[in-house]
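Structure first, commentary second.
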Amino acid sequence: MSLVILGVDPGSRITGFGVVRVANGKIEHINHGVIVMDGDDAFPRRMTELGSAFREVMEKYKPEQVVIEKIFLGKNADSAFKLGHARGVIMYEAGLGGAEVQEYATRSVKKGVTGNGGASKEDVQAILKVMLSLKTISRIDASDALAMACYHAFEMKKKALMQRAVSL
């Protein structure tokens, strides 16, 4: 049995995505990329572009699980609100596509993938290249999304092992 997981690094201008398949306990890279919205467009138009492009990704890869970064409040409240809108568009489209949506904090993902919750984006990318046997990952946004997908696969495996251990 295999499971397709789509990781998403949401953004109001650039959204990264990473698709992996989990089969027989192994994580296989399927694809990764970015959805780039026209920065000159008004914000509502960018959200429409994001929805349309993300729907195409959902239709192409048909993931059972979509994993998205939890929102965090930085110094700029406007950026956090825009990120919230992008997350909403993605969650809506994921739900329409029949996928279950999971959320993880960035720090948890970094710790799960690299062993260090404060790892740099470049460190995460380097580990993923080795883990998934990739020569390059074109954009940091895409590697962040792949990290989300891989971390979810780790968490699912951990939960399955715990359930087996409890039933012994």
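One is the number of the first residue shown, and numbering goes on along the chain from there.
The backbone N, Cα and C atoms fix where each Cβ goes, and this holds for glycine too.
Swiss-Prot annotations:
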BINDING   Asp9, Asp141  Mg(2+) 1 binding site
ACT_SITE  Asp9  active site
BINDING   Glu69  Mg(2+) 2 binding site
ACT_SITE  Glu69  active site
ACT_SITE  Asp141  active site
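There are 25 other CB atoms within 10 A of the CB of Asp141 (Mg(2+) 1 binding site), with all protein chains counted. Cβ-based neighbour count (10 Å, all protein chains) for Glu69 (Mg(2+) 2 binding site) stands at 23. In the three-state DSSP scheme, Asp141 (Mg(2+) 1 binding site) falls into the helix class. DSSP assigns Asp9 (Mg(2+) 1 binding site) to a strand segment in the three-state reduction.
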